[in-house]
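Chemist: Before I ask anything, here is the structure I am working with.
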Amino acid sequence: MMKVLVVVALLVTLISYSSSEGIDDLEADELLSLMANEQTRKECIPKHHECTSNKHGRCRGNFFKYKCQCTTVVTQDGEQTERCFCGTPPHHKAAELVVGFGKKIFG
């Protein structure tokens, strides 16, 4: 009976040790993922900044990702160039206004 208890105790110890290593690996992976997300957040293009060369690197607003809004600019020489900036589209502004108003009313 004593040998069975010793073997069970060893098995429980081995299982808990191996699962704790797995959890540590999982936490390390999550930490690396969070660090990568933080890095991309720092590199994203903020609101009202130019996004002509990188139309997909926009930052997130309160609820939605900003849109890269482009216009054609005609220079004094008559050349047409496309200029883009990050901004919030009107329908996103309206949705944010409604959600903000709802939060104020319903807490």
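Glycine is no exception: its Cβ is also placed from the backbone N, Cα and C atoms.
Keep in mind that what you see is a predicted model, and the values were worked out from it rather than measured.
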Chemist: State the disulphide partner of Cys59 as given in Swiss-Prot, choosing from Cys44, Cys70, Cys84.
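Modeler: Between Cys59 and one of Cys44, Cys70, Cys84, Swiss-Prot records a disulfide, namely with Cys44.
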Chemist: Of the listed cysteines Cys84, Cys86, which one does Swiss-Prot record as disulfide-linked to Cys70?
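Modeler: Between Cys70 and the options Cys84, Cys86, Swiss-Prot records the bond with Cys84.
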Chemist: Just to be sure I understand: of Cys44, Cys51, Cys59, Cys68, which disulfide-bonded residues have a C-alpha no more than 10 angstroms from the C-alpha of Cys84 (disulfide bond)?
Modeler: Cys51, Cys68
Chemist: Per DSSP, to which secondary structure element type does Cys59 (disulfide bond) belong, with helix, strand and coil as the options?
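Modeler: Where Cys59 (disulfide bond) sits, the three-state DSSP reduction gives coil.
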Chemist: Whole-number answer please: how many Å between the C-alpha atoms of Cys44 (disulfide bond) and Cys51 (disulfide bond)?
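Modeler: If we compare the Cα positions of Cys44 (disulfide bond) and Cys51 (disulfide bond), the gap is 10 Å.
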Chemist: Between Cys51 (disulfide bond) and Cys59 (disulfide bond), what C-alpha distance do you get in Å?
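Modeler: Just about 11 Å between their Cα atoms.
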